[in-house]
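Feature annotations, reproduced from TrEMBL:
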- 1-15: signal peptide (SIGNAL)
- 389-408: region 'Disordered' (REGION)
- C467: heme binding site (BINDING)
Amino acid sequence: MYSLLLLIPALGVLALLLQNLVTTLRNRKLAKEAGCQPPWRRKHRLPLAIDFVQEMKAADSENRLPNYFLERRKESGKDTWIQQVLGTDSVITQEPENIKAILATQFKDFELGPTRKGCFAPMFANGIFSDDGTRWEHSRALIRPQFARDQITDLTALEQHVQNLLQAVSYRMGKEGWTDYTDLAPLFFRLTMDSATEFLFGQSVGSQIAALDEERFGEKQLTDDGLTFTQFGPAFDRAMSAISQRFRLNTLYWLHNTKALRDSCAEVHRFADHMVKQALEAPTEKAMEDGSHKYVFLQELVRATRDPIELRDQLLNVLLAGRDTTAGLLGFVFYQLAQHPEVYNKLRTAVLADFGSYSNPANMDFTGLKACSYLQHVLNETMRLHPSVPFNSRRSTRDTTIPLGGGPDQKSPVFIPKGMEVNYSVHIMHRRKDLWGEDAEAFRPERWLNRKAGWEFLPFNGGPRICLGQQFAITTAGYTVARIVQRFDKIVDLVPHTGFGEESVVRTIVLSVGSGTGLLERLLQDSFANVAWDDVADEVWVFGVEVTGPPSATDSHTSDGVSGASVGLNTYLRSQLRLTVRGTWDVLGPADLLEKLDDDRAGYDFENVVADNGSDTGVADEHVNVVLAFVYPRQPALLRRYVDTWQPTTALGEFKRGTLVMLRGMVWAGPRADWVDEYEAIFTGLEQQSDDKDKNWEINVSWGAMAGVAEGEGVAIAMKGPLEHSIGDALQG
């Protein structure tokens, strides 16, 4: 009897071995008939590839799992291989043609499979990101109309959430305009949570301001039913973290089913059910009193189905994609910008040229954002190096093949038996030097100039399951990046990263930069980003002049009460014009000033302005090649920082006319360093006599400075004196 009991498991093992042998022989026969060859197989030191599991777990705990797989690919030089995990074989590939086959040309040969659905089940149940077959087709048909262009181009609500983000960033602004070192990662996740919930539910959870208020005052926000808005975001994060643990266990996902996971999912469901209940109870046709209609995803979805469970599941599925992926993208954008100040400066120049100043933005809409090429290049390059989903997988629904990877040269097709898992890594594919050049691991947005990527670039997946919300994500990210770079001159990282692979990443369902490590940064607020002229200046004088030739004479002039103040002027300087400006200008730089001067509605037309000497010597607007703006400051330190941070060589090269800002009590020389001492000496003499407001003003204008402005080379002007007198008064003597 005892011997019989021992025989039963032995027979079971034998049967299993025989079954595996039969399956192996069958697969070899089918592979040969299909012209396939086996791919390279990774070897391991320990049985069942236990050493691989250990290495992978260690890399994951150190937040470097994507780069761990990239290193293994470099070691082997293979783009498709067989990977064993605890006795089960799967295929890993980063070959564009294989990924194209899996996602598009052989779409019906692959599915997500039951493991993914089981991992998602506690939180997301049935939805577009977990369903297969007809259920997925139903979900996609339900969701797709909600991402039409008209629904994703309204940026009004997003602007308020960006303002809340900037308020949180600027909460501890220093005297010199620098923020404290700020962990941007959680701020981006709150931004996308707030904007996504407003888009989906019609009401934002307000997590950004709630967190800021709680830090300041300890306040929380409640719904009418006593549900805390601030609990939704943290509960969602906890549930996502737990679900990511289920994914790590693969087919053993069911082992991770903790009370914390169940409680977090219940909290999220309770809030979503509350919002669904409100939508179902609301009138079907709901419009604003003024006739406008704010688009709300849930209200439109209610038109298609009134099943509360289906509504909840689909909403949470879309929230999963719309929130975490965009927050991760924003985090990696600013991670890279902090490491590459030259890219930040170039991006800021492009944004200011296309959209104007922070306080007076223009054309910042869906079309304008898409047309800002360098902004799009920065986003593309970030998504190339840091795709939000670095690894993905499909399971074969029948015996099939993938085009490449077999044989010693990896050019033969590979046989994929029914039920086999095929993993593909966009992260590795995006860093392949044979696809992206020798600098594939470098952050270089310029690589996207005149480049149109194919299947080698998949930040949003591809084929029938391509992300429906990709334009929504790109628009949200692009708008947020543009508004931040408008507001801040510079960005620096607390811990500079100088080498490849140093980024610390957090892997839940998607990838994001490591909070508190990789994204701890300071930003310098632009001197005029959020300041009206009335706040910093009593008066602004504007002069438009035409410089037509080289210097031919220099005259000396001594104004009353001032000895030795010279006025060097070109004889072809035809007109000196004055405008006294009072208002709420928000001037960021030269482009903004010129735009104001060219605005017919503001009345700043040089042709209709009479010079101070009474003669009608106005210069036609199109002939003005030098514009001078003289600011009488209330806050010299603020204006000094503005002058110090403005780069005239770059700025002047972008406009047909130069723009100068001259500050009372201040000397500024542009690229011509040899001018500095000259003007400092002039100011030293004038400074001693500047307290008497009854004196005429003093001015020194160097022809070299005028020529530099006219030719777009540089600026160096010194002006001094009370505002009662114009440059014309000084010239009249």
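Indices start at 1 and increase along the chain as displayed.
Note: Cβ is positioned from N, Cα and C throughout, glycine not excepted.
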Cβ neighbours within the same chain of C467 (heme binding site) - under 8 Å, at least six residues apart: A321, F460, N461, A473
DSSP helix/strand/coil residue counts for the region 'Disordered' (389-408): 0 helix, 13 strand, 7 coil
DSSP-derived class (H/G/I helix, E/B strand, else coil) of C467 (heme binding site): coil
